[in-house]
Amino acid sequence: MQPPIYNHHRLPPAGAPSQQQPPNQQPSVLSASSNARLNEFFELIKNEFEQVGQDGNVWKAQRDEYEAKIQQQINELGLIRQSLYELEANHAKVRQEYEGEISRLRRELEARGGPGGGPSGPSAGGPTSPPDLPRPGNDERPPYGNSLPGPPLNGNEPGGSRSPYPPPGGIIPRSTSTDRERDRRNRERAVAASNVPPSPPVHLSDLDPENVSRELKKEGGDWQAMWSSQMKKHLDVALVHTLEHETVVCCVKFSNDGKYLATGCNRTAQIYDVKSGGRVTTLQDEAANRTGDLYIRSICFSPDGKFLATGAEDRQIRIWDIKQKRIRHLLQGHMQEIYSLDFSRDGRFLVSGSGDKSARVWDIEKGLCVFDLRIEDFIHNEHGPIDAGITSVALSPDGKLVAAGSLDTMVRVWNVQTGQQVERLKGHKDSVYSVAFSPDGKCLVSGSLDRTLRIWDLTGTKREAEILAPGSKDIQKNLGTCQSTLNGHKDYVLSVAISPDGQWVVSGSKDRTIQFWHIATGQAQLMLQGHKNSVISIDLARSGGYLASGSGDCMARIWKYEPYSGRESG
């Protein structure tokens with residue numbers, strides 16, 4: 001039994017409340033703490049909700065503001081579109097009035113007994129041209145384009161367009177018989193006033209057809225040829241076929257045997273029989289993007305005539321099996337438009353030139369790129385490096401050298417076997433749009449937007465390339481020399497070629513003429529007129545005797561040239 005003291009309960013102090021309460025009346029400390037904490041959380045959530053609501057109101061106000069601005073811009077675009085429609089309608093009205101006035105003046109002139117229009121007679125409007133290359137810069141380019149055009153094939157020139165193509169959808173000015181008559185009278189008055197006999201024109205393009213003797217002039221239904229009085233008449237020429245197209249003819253090329261001619265247009269390549277002038281086949285890639293235009297800028301037959309290579313604005317090279325009308329290879333890798341193609345004589349390789357500043361050598365059998373020849377020696381001006389987009393490429397007959405003309409005025413030459421650049425030819429004052437080797441490979445001709453042609457002697461360059469060890473850094477450039485400069489065109493020289501016998505250089509120009517030049521003397525032999533727009537592309541058949549020309553007038557023409565016998569050919 002425990003002592004009583006252990007059963008003693010200590011009494012609370014006087015006046016203090018008794019700590020002993022019924023169990024159901026004791027407060028829970030834990031419950032009170034939880035309630036306070038919960039109230040805290042509710043307050044935080046409330047504050048957060050109110051903040052989100054305020055942010056939502058701000059965002060809604062911003063959204064309403066943006067929507068109002070977008071609607072305002074849409075309204076402004078609608079006004080601009082309406083203005084464009086009105087301008088287009090006014091332009092069509094002015095154009096119609098202009099054409100009506102031309103027709104009235106022509107009828108009035110004919111009623112007075114004035115002379116009729118010649119081969120370059122007026123035309124109501126011009127065909128739509130392929131888009132300029134950003135222009136071999138977009139002159140845009142080129143054939144190009146910027147273009148060769150970047151180029152493009154174009155560049156900017158104060159006071160006018162640098163594009164070699166006709167203005168898109170615009171009226172192309174034509175010289176009328178009234179203009180020629182007025183110019184002739186003005187010249188006669190000037191001569192009579194000065195009492196000084198006129199000096200003979202320096203260039204064929206300066207000749208007045210009305211004053212050319214019959215012996216030095218030949219006229220067809222819608223074409224004419226004029227010979228230089230400064231040189232003996234060596235060649236005779238005649239029009240064989242006129243091949244009408246629906247769009248601008250960007251390129252023309254004969255097959256190796258000279259039996260067929262290929263032309264490149266918008267989306268299609270067409271092959272014609274040279275003898276009959278009939279169309280043999282049309283090649284079109286149905287899988288290509290159908291949006292917008294897709295001009296074929298370059299075209300080339302394989303040496304055996306079984307395949308046709310085409311280069312287009314979609315940066316792809318298509319190798320067509322002509323007989324089966326299907327694509328055998330699709331060569332991809334260029335970053336800009338393909339402006340030029342050339343097969344090697346053995347048909348194993350194809351060289352392509354592009355506005356991306358590179359020429360590529362392709363193995364046709366494998367469909368692979370063997371060499372990527374890139375321009376690295378850029379020319380600089382006060383604004384930085386000049387666009388060096390390649391507008392034209394040509395393989396030497398022995399297949400060892402490839403030459404390329406570019407927008408930066410230079411002609412560069414590479415060794416195909418090593419991929420090394422072995423030459424840079426400087427002399428042109430503007431973009432180079434076309435290059436071609438002579439049959440022996442010793443000379444190269446180039447045509448430029450500076451309106452001239454240059455003939456280069458590459459004897460030293462060939463010799464250096466042959467003895468240079470692969471991978472050698474000790475490359476001696478500037479061995480090529482300018483043999484002669486051919487002046488005579490009034491506008492851009494867009495295409496050049498050399499005859500199979502190596503005696504004649506032929507050039508096509510934006511001035512709508514084709515000229516034959518004697519390569520040894522540099523003198524112009526004759527000038528052909530007939531196209532109503534820029535002569536964009538020319539080619540001479542390797543089998544000899546035929547010239548082809550493609551133009552912005554949507555025509556390709558086949559001409560026959562031969563040694564002059566003293567009798568006029570039909």
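Each residue, glycine too, has its Cβ placed from N, Cα and C.
According to TrEMBL, the features are:
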- 1-33: region 'Disordered' (REGION)
- 12-28: compositional bias 'Low complexity' (COMPBIAS)
- 37-112: domain 'Transcriptional repressor Tup1 N-terminal' (DOMAIN)
- 105-208: region 'Disordered' (REGION)
- 113-124: compositional bias 'Gly residues' (COMPBIAS)
- 143-163: compositional bias 'Low complexity' (COMPBIAS)
- 177-190: compositional bias 'Basic and acidic residues' (COMPBIAS)
- 296-330: repeat 'WD' (REPEAT)
- 331-372: repeat 'WD' (REPEAT)
- 390-424: repeat 'WD' (REPEAT)
- 425-466: repeat 'WD' (REPEAT)
- 486-527: repeat 'WD' (REPEAT)
- 528-562: repeat 'WD' (REPEAT)
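The DSSP breakdown of the domain 'Transcriptional repressor Tup1 N-terminal' (37-112), given as helix, strand and coil counts, is 75 helix, 0 strand, 1 coil.
Note on the repeat 'WD' (486-527): residues 120, 143-144, 164, 203-205, 207, 225-228, 230-231, 233-235, 237, 433-440, 443, 445-449, 451-455, 533-544, 547, 549, 551, 559, 561 of its chain, located 6 or more positions outside it, place their CB under 8 angstroms from a CB of the stretch. Per-residue pLDDT, averaged across the repeat 'WD' (296-330), gives 96.
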